[in-house]
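Read through the structure below, which is laid out as structure tokens, and then see the notes.
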Amino acid sequence: MATEAAPEWLDKGDNAWQLAAATLVGLQSVPGLVILYGSIVKKKWAVNSAFMALYAFAATLVCWCLWAFRMSFGDRLLPFVGRPDLAALGQDFLTQQGFAGAYPAATLLFFQFVFAAITLILVAGSLLGRVNFRAWMLFVPLWLTFSYTVGAFSLWSPNGFLFKAGVMDFAGGYVIHLSSGIAGFTAAYWVGPRTAKDREAFPPNNILLTLAGAGLLWMGWTGFNGGAPYAASIDASVAVVNTHLCTATSLLVWLFLDILVFGRPSVIGAVQGMITGLVCITPAAGLVQGWAALLMGVASGSVPWFTMMVLHRRSRLLKRVDDTLAVLHTHGVAGSLGGVLTGVLAEPRLCRLFFGDDPRYVGLAYAVKDGRAAAGLRQVGVQVAGIAFVAALNVVVTSAVCLVVRMVVPLRLGEEQLAAGDDAIHGEDAYAVWGDGETYEQSVHGNQGYPMTSNPMSSKAEEMI
């Protein structure tokens, strides 16, 4: 029987899955990318890199609840953005049925928040090792407000102009990955490079923890793509299988290319191949068949590898901009590749499961087979137009945000801070040993006043006695 807590429109199974999927995506960021960022960088940047991710997660949540959710999915203000208001703070809004799915708006708010948060964290990957943390604190809410909300509304809101045009972005290949890749590269241009020494040698401080963070990212993608249908449905199951098949294939292709060209298997290279596979399948996860997911894995393990390992070294522009974790390649290139391949390989029946009975949604390969080549070409054209819009949006808005922020605080750290890293910025060290006493004497949360013996904890215990 329906109750006030469980009205007739509520599907408890769908609601439970959507909350679980949102939690999986949240775990990709905290602790997933916190761990990955803190371990894949040089030791002196471990704390700063991890903290940039943690800050972005927290700041995004507050802004999302205050105004950004409604700008992304609320009432239309313009063809590309919603009207900001404080409705998401009230129980009347949160407890009513959301714009999609058989569950309350509160579930949708949380689910869409974790996508917004991870987008900002991915942008941070381009800026690690030199961006002023105070500048990052300002960048996050500004970019979320003026870039992310526009992309999300345009592509995912039922009122968005690209959604109405028929762009297929199943789970964020455009909204999240293409956006973060272009925005990160653009921001890296304005912030400037790391020190010459760091650009020459930037070894991971803990590859085992990098693998742990990467593992959380990979497994969390079950919720990332599996939650996109807004229901515990057949389409969700298909999306999950395709996600992992494409990712595994991409990792193996990248690994084989590293062995073939460089003569040795690279762990960091395998992680990059894993990420490009996850990104490439995202716009197509529930729209393509298994063989197509396999084919997309081959493409995502080879095309971004070529742009990163070959093209990057030959391009003066790409070499000039210091994109620390190569987010342009792993997310921008892979997201664009996935978007185009979606337009080619999307299967009509799977499209119906996700979009409903709309004949516009068909991949070029199937359209040609059915004698509807024009419809397939139109779909590919719409996919390319979506890429162009997202790329242009993020170049312009990210540049504007960086120019505004640098009027308040410098975008790049000073030379002394760049030389010291975590200790100069936060007064904390990722691997400080109290017996050394070097870092904790300067830390605001450190060991001041404790006698620095070989066993400081024992000395403190003796004082208390």
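For all residues, glycine too, the Cβ spot is worked out from N, Cα and C.
Because TrEMBL annotations are produced automatically, they should be read as predictions rather than curated entries.
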Do you know which of 324-346, 347-369 TrEMBL annotates as transmembrane segment?
324-346
Cβ contacts the transmembrane segment (291-312)/the transmembrane segment (102-123), at least three under 8 Å, sequence gap 6 or more:
no
How about the transmembrane segment (204-224) and the transmembrane segment (16-38): do they have 3 or more C-beta pairs under 8 A, pairs 6 or more apart in sequence?
yes
Ranked first among 102-123, 171-192, 236-260, 267-285, 387-409 for CB pairs under 8 angstroms with the transmembrane segment (50-69):
102-123
Tally Cβ pairs under 8 Å between the transmembrane segment (387-409) and each listed stretch (16-38, 102-123, 171-192, 236-260, 267-285), then give the stretch with the top tally.
171-192
Top stretch among 16-38, 135-156, 324-346 for CB pairs under 8 A with the transmembrane segment (267-285)?
324-346
Do at least three C-beta pairs under 8 angstroms join the transmembrane segment (171-192) to the transmembrane segment (16-38), pairs 6 or more apart in sequence?
no
